[in-house]
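As annotated by TrEMBL, domain 'Aminotransferase class V' applies to 5-349. According to TrEMBL, the feature L-glutamate binding site maps to R42. Residues or ranges marked as pyridoxal 5'-phosphate binding site by TrEMBL: A76, S77, W102, T152, D172, Q195, N237, T238. What TrEMBL records for K196 is N6-(pyridoxal phosphate)lysine.
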Amino acid sequence: MARAYNFSAGPSMLPESVLAKAASEMLDYQGTGESVMEMSHRSKEYQAIIDGCEALLREVMGIPDNYKVLFLQGGASSQFAMVPMNLMTGSGKADFVITGQWATKAYKEASRYGDCKAVASSKDKTFSYIPKLDPAEFRTDADYFHICLNNTIYGTVWHELPDTGSVPLVADVSSCILSEPIDVSRFGLLYAGAQKNMGPAGLTVVIVREDLVGKAMESTPTMFNYQTHVDNGSMFNTPPTYAIYICKLVLEWLKNEVGGLAGMKKINEKKAGLLYDFLDRSKLFKGTVAKEDRSLMNIPFVTGSDELDAKFVSEAKAAGFLNLKGHRSVGGMRASIYNAMPVEGVEKLVALMAKFEEANG
Ligand code: PMP
């Protein structure tokens, strides 16, 4: 059986060993006679899975003890509302940096709940860079300061975090969580949809400093209040049981086969380096992002001709390289090379691009 190289922005590839393990446990999870999918979330077997997943996430990311880990649903998009409902209750203000469509959506949704300010934006150049910040624009009484750490559509990443002083920094880490070490203590809250680096779609992870929980707006629905999920160990209602189980397997893979986040970073730098080096040398393909802001995870590129772009995407698809078409707002191509993309997948993509350049350059 030949597995394709899937360059999708998410859902994306999962490590083959994780899929194989899940397959081997599909019909009978460790002698229980049932699949994890069929298992009561109140069973002791399932409690061990969710506890194990949280313990591994804490270990792999080095999450300090004064942070809560929540396994929720609704995608990162729900957090665009949940964050303000729970956090924007002091001054009722929050500051945002507009680095792309997801950051814009977070800003617009939060604006329904309070006074939101865009302190900087890179919209003028199709979000192809991370804007310089003027700290004089930051509001020192804001309840939080929001960034999208890795911009999935545009392929930019914050290499340096803004210094927000005592204002909690909140980050959407959907497309970079687990890709390299991160100092969680720099943040008040991190959130991510799982479907890129953590597991299947349907699971949303929130990591929140405990002093930020318990301040939600009066009108906050029970399900949208972080306190509800803290008090109930993410089991107020039925959690996305199977997605959490796969996430646990992914974390075991990261810890035991990859060497944790330090090991993952080295591999991700190697993969991204292969593609960026090629783009910098190519006479046909060009990267679209400011060099100093390039992402390790999402790499957009163009030929400059819509016709050649389409030809490349279709030839790549026929050769087993899937989902290379760029987001409609950028055009061209985008290779999302998340954790589970093997180095070999990127090597082969670069070889394919070189061959295409020779034939079409
Ligand atoms: N934020 C970022 C950075 C994303 O890449 C995405 C999805 N591609 C989202 C938010 C939306 O996530 P979800 O589909 O889980 O709501």
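Each residue, glycine too, has its Cβ placed from N, Cα and C.
Location within the structure of each feature annotated in TrEMBL.
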residue	record	contacts (Cβ under 8 Å, 6+ apart)
R42	L-glutamate binding site	M235
A76	pyridoxal 5'-phosphate binding site	W102, D172, S174, Y191, A192, G193, T204
S77	pyridoxal 5'-phosphate binding site	K105, G193
T152	pyridoxal 5'-phosphate binding site	A9, G10, G100, W102, S174, S175, K196, M297, N298, S336
Q195	pyridoxal 5'-phosphate binding site	G10, P11, S12, A201, G202, L203
N237	pyridoxal 5'-phosphate binding site	M223
T238	pyridoxal 5'-phosphate binding site	H41
### Summary
In all the protein chains shown, the tally of other Cβ atoms within 10 Å of the Cβ of D172 (pyridoxal 5'-phosphate binding site) is 30
### Message
Fewest other C-beta atoms within 10 angstroms of its own C-beta: which of the recorded positions W102, K196 fits that?
### Response
W102
### Message
Among R42, A76, T152, D172, N237, T238, please name the binding-site residues whose Cβ is nearer than 6 Å to ligand 1.
### Response
A76, T152, D172
### Query
Can you give the largest Cα to Cα distance in Å, as a whole number, for the residues A76, S77, W102, T152, D172, Q195, N237, T238 that bind pyridoxal 5'-phosphate in the record?
31
## Note on the structure
Simplified DSSP label at T238 (pyridoxal 5'-phosphate binding site) comes out coil
### Averaged pLDDT, computed only over the residues in the domain 'Aminotransferase class V' (5-349)
98
#### Entry: Local backbone state of A76 (pyridoxal 5'-phosphate binding site), from DSSP in three classes
helix
### Per DSSP, three-state class assigned to W102 (pyridoxal 5'-phosphate binding site)
helix
